[in-house]
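Supplied in structure tokens, the structure appears directly below.
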């Protein structure tokens, strides 16, 4: 679930205590500022408030008609950038291997998109003609024919990570980073800013129905960006405000260990502009480690690191600048600038907490989605919005209306099996042990006494190999676990691993087993039918993973919607199959 923190109320970990009063803390890079006034505008716009600036075009997002060609334009990474470039007055075109709803939406905006291979070198050259820059998906290698063709024509080729700094340079950038929780936090913050009169532009890592998608084109000078550490995607950003939700080892294919992850997050934090804000979850040990690294980097006399996050005294040193980024922390622990207390799950989902700012109550945090991790993400959005000038009460009102993002504890539907077992199906992106634990805890709150069944699809061989023992202890809040085949994604070396290696290590729950991918629908339907007598209130079925497991819920609902006697009873391999290999 891209929406998790490991801290629960009260926090499960005990990082270095925060000071009882921020005013007594020695001034350092981690200084809290609970009573801070809104961050002054450092961009080209006039500052905060409704109608602060005339939007993307005024900030050069479209570079005054500049044509950009996007390779992989239908992907979740590039399609929102194309939309924002278009909204800013630029011209966009692109290509992709498969058609999709995102491509249909871009075509509806007048963007020419080719699907499938080019007709030939001449056709490809004609397609690229007139483009001033080509932005290529990070999934495309340098020897990809379209990348090679663009360079042969003398057209600069940028990767998404290289393009983001240029796209956001003239905005007041709010970069939302963290190993887990980026999407939910960025979506919540965008909604709060909209409701607070700061109509932002935003790029979010999932579709958000409330916001009209994953790209939001606003009218102010504020840009909310979900900033990913993978592949150094956030390395070139210079945010005015940055959020770090948590820091964990999630990508062993890229980072050799926890320390290397902390190092890149420290670099990111150090790039926050002088005078800006660094909003962090102070309960998370990985975040505490990053703050410690920033303190050490600041050095004697407060020398600022790259980008200007300053040390004691806030003085500028070599490579730094006068002023400094101030740390605003949040969490469940005592002493946080922003703190949630009395966290209480609500029957059937959601939660309510009391929010304290510098120890004083500011209101109730009421959320429709379950789980302490969601409350922490909401605190991050609240603290950041207030730094931008949104009144706390108005921010809390907006957070109460947040309904979620695609694949983030996403209710797919409800049905009843032929034997009479009610089933509620929830889909989640969780593919890391911390995310699985947080999502299952939320599911337990939502289930209200119903059994929770988890269908887990491990994501990449490298992640499973590196975190195998941690994965094995992450399913304790489930009553039954089905582990299916590993989703390889970009990897070709299976490292000798099989999904059964995980099931062999899971001791809780005892009712755990491996099910081959093609057999999942039939097995689940048969087991749900068999549970009719044992689970009269029904079952909450949770699909977990960043791969094709998201298709299981719709397949089940489709089978359950068929007339009695027409539904398949098993995965014999003789049925027709959909594009994912599941029996249709």
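From the backbone N, Cα and C atoms, a Cβ is placed for every residue, glycine too.
Any TrEMBL annotation is an automated prediction that lacks curation.
Annotations for this protein, taken from TrEMBL, read as follows:
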type	residues	note
COMPBIAS	1-43	compositional bias 'Low complexity'
REGION	1-63	region 'Disordered'
DOMAIN	68-172	domain 'Mur ligase N-terminal catalytic'
DOMAIN	176-285	domain 'Mur ligase central'
BINDING	178, 179, 180, 181, 182, 183, 184	ATP binding site
DOMAIN	407-509	domain 'Mur ligase C-terminal'
REGION	564-584	region 'Disordered'
COMPBIAS	574-584	compositional bias 'Polar residues'
Other Cβ atoms within 10 Å is the metric here; tell me which of the binding-site residues 179, 183, 184 scores highest.
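Counting every other Cβ within 10 Å of each candidate, the maximum falls on 184.
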Can you give the mean pLDDT for the domain 'Mur ligase central' (176-285), rounded to a whole number?
93
Mind checking how the domain 'Mur ligase C-terminal' (407-509) divides into helix, strand and coil residues in DSSP?
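The composition, in the requested order, is 31 helix, 25 strand, 47 coil.
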Taking the Cβ of residue 181 (ATP binding site) as the centre, how many other Cβ atoms fall within a 10 Å radius?
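There are 31 such Cβ atoms around residue 181 (ATP binding site).
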Specify the secondary structure state of residue 178 (ATP binding site) as given by DSSP, simplified to three classes.
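The residue in question, residue 178 (ATP binding site), is coil (DSSP, three-state).
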DSSP helix, strand and coil counts for the domain 'Mur ligase N-terminal catalytic' (68-172)?
42 helix, 21 strand, 42 coil
